[in-house]
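Participant: Dropping a structure here in structure tokens format, bear with me for questions.
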Amino acid sequence: MRSDIMKKGLEKAPHRSLFKAMGYTDEEIARPLIGVVNAANEIIPGHIHLDRIVEDVKAGIRMAGGTPVEFPAIGICDGIAMGHLGMKYSLASRELIADSTEAMVMAHPFDGLVLVPNCDKIIPGMLMAALRLNIPSIFVSGGPMLAGRLDGKSVDLISVFEGVGAVKAGKMTEEQLKALEDCACPGCGSCSGMYTANSMNCVTEALGLGLPGNGTIPAIHAARRRLAKEAGVRIMDLVSKNIRPRDIATLDAFKNALAVDMALGCSTNTVLHIPAIAHEAGIRLDLDLFNEISARTPNLCHLSPAGPHHIEELDAAGGIQAVMKVISKLGVIQESALTVSGRTVGENLEKARVLNEEVIRPLDRAYRQEGGIAILRGNLAPDGAVVKQSGVLPEMMINEGTARVFDSEDEAIAAILGGKIVAGDIVVIRYEGPKGGPGMREMLSPTSAIAGMGLDTSVALLTDGRFSGGTRGAAIGHISPEAAEGGPIALIREGDWIAINIPEKTLTLKVDPEELEKRKQEWKPKASQNLTGYLARYARLVTSASTGAIFKD
């Protein structure tokens, strides 16, 4: 066993003595030692209950003859970090989570791992660590929050974000916003729509590293606890057979994950995270692969913010396995891929079926014939940009307008809420990329303000930053190269004409090439922000959004 190097033999008597100081018996020490990575904390609704999930995981490990050893992971709540300096740390925390998990598992050589995340950057951080370490591993998430209810309608966190813009526009009273605030998030779990956390939990299941049901079983359902126990049991089989993450997360498995991403209409953050996770497995996922798979995979679900449904309804409709069963008819699912269940994808899908065709539509009634995400290119984004096309209104799929340029999110929010943005404008927010932000803040506050003020039918937003999974509308992010690297977005001037053509996958700055070259020669980097601490190191090490914003090798 891998753990033998820290517990077996005469010379390891001091090591065993330290285990005994914590109450472990000789029998427990002799068993396979399974690390249980617990991201529980009291600042994220999706993590507030993870201690309970972890206790169930540990029960499963003991049932199967192993010894669980729990250790923590940090976690940032993107919703609470939104719209202020804290958001600079969100994406940056992904690397901290991956690195600190690696450090713990290399310092203490466990035989296997059960990783228990639930929210935005914690899931990809742990996935990166698992593939980097490549010891037997399984994921079980905390599950999604239920949607709230107000006046007989489903509401969620994005309803509250958009409510702020509605109040500013005089379309809602502060009393109505308070009522919404009080009921939109009714309890524990990852926020209830197809936002980044739930997107990544669903991707984990599709990738084969989480059991069927991992992406959708609600946090408060007993089935979630049973799933956690099953994950604890399954890790022991994976350890005994030495089945490792890279045996499961192959190129075929990543293609499966991308196909599910497209069918569901997942968060654009998957375009950052999936390539970063694949990188740890030694697999390069080019952005063009997203468009290739999108062209073959229809969008079957309109989950909040793109539509009225929430993850609890997706679960009741058959979950991720049912979605995979439908799109497998198109040949976009590699059914021979192995999963942590011990079965192949195809074997898992044998019993899957759709129970509600309004939540998971059949192929002949797909919302659109392409997937939920599109990669755009053009003279404004030579290395690519991303849009959640499933959340864009039909009238905004092809759009031209006047550039309104802001060098930070804060400046843009002030202008939007101050009534300075009008129909036909294209809001450009730059110097918010991985290096320039640094940290690539999510632009949920400005996009929610645009939607809440009723401008989402006539105003687009472009940025080298990124978006929350809760963003809807003509919101195009990850523009690469970013402004801080002298990318074309840095050369846009107030009043320039910009053309967006999502069906043609183009993003064009309509400025004469000679003029652009002149501007490029005149461009100077922004003054230093005098960064200190982790953000300073992050800005030095991070690469482009087009490569997943990973660190330089």
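We count from 1, first residue shown onward.
Using the three backbone atoms N, Cα and C, a Cβ is placed for every residue, glycine included.
Found this in Swiss-Prot, in case it helps:
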- ASP78, ASP120, LYS121, GLU442: Mg(2+) binding site (BINDING)
- CYS119, CYS191: [2Fe-2S] cluster binding site (BINDING)
- LYS121: N6-carboxylysine (MOD_RES)
- SER468: active site, proton acceptor (ACT_SITE)
Participant: Let me know the DSSP-derived helix, strand or coil state of CYS191 ([2Fe-2S] cluster binding site), please.
Facilitator: coil
Participant: Excluding near sequence neighbours, so keeping only residues 6 or more apart in the same chain, what lies with its CB under 8 A of GLU442 (Mg(2+) binding site)?
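Facilitator: Expected: ASP78, MET82, MET87, SER90, GLY465, ARG466, PHE467, SER468, THR471.
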Participant: Centre the Cβ atoms of ASP78, ASP120, LYS121, GLU442, go out 8 Å, and tell me which other residues of that chain have a Cβ in range of the Mg(2+) site.
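Facilitator: Checked against the 8 Å cutoff, the neighbours are ILE76, ALA81, MET87, SER90, LEU91, CYS119, THR196, ALA197, ASN269, SER468.
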Participant: Tally every other Cβ atom lying within 10 Å of the Cβ atom of ASP120 (Mg(2+) binding site).
Facilitator: 34
Participant: Cα-Cα separation of CYS191 ([2Fe-2S] cluster binding site) and ASP120 (Mg(2+) binding site), in Å?
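Facilitator: Distance (Cα to Cα, whole Å): 10 Å.
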Participant: Does anything in the same chain, at least 6 positions from CYS119 ([2Fe-2S] cluster binding site), have a Cβ under 8 Å from its Cβ, and if so what?
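Facilitator: Set apart from CYS119 ([2Fe-2S] cluster binding site) by at least 6 residues yet with Cβ under 8 Å, we have ALA39, ILE44, GLY46, HIS47, GLY75, CYS77, ASP78, SER190, THR196, ALA197.
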Participant: Taking only same-chain residues 6+ apart in sequence, whose CB is under 8 Å from that of LYS121 (Mg(2+) binding site), what do you get?
Facilitator: GLY75, ILE76, ASP78, SER90, LEU91, SER93, ARG94, ILE97
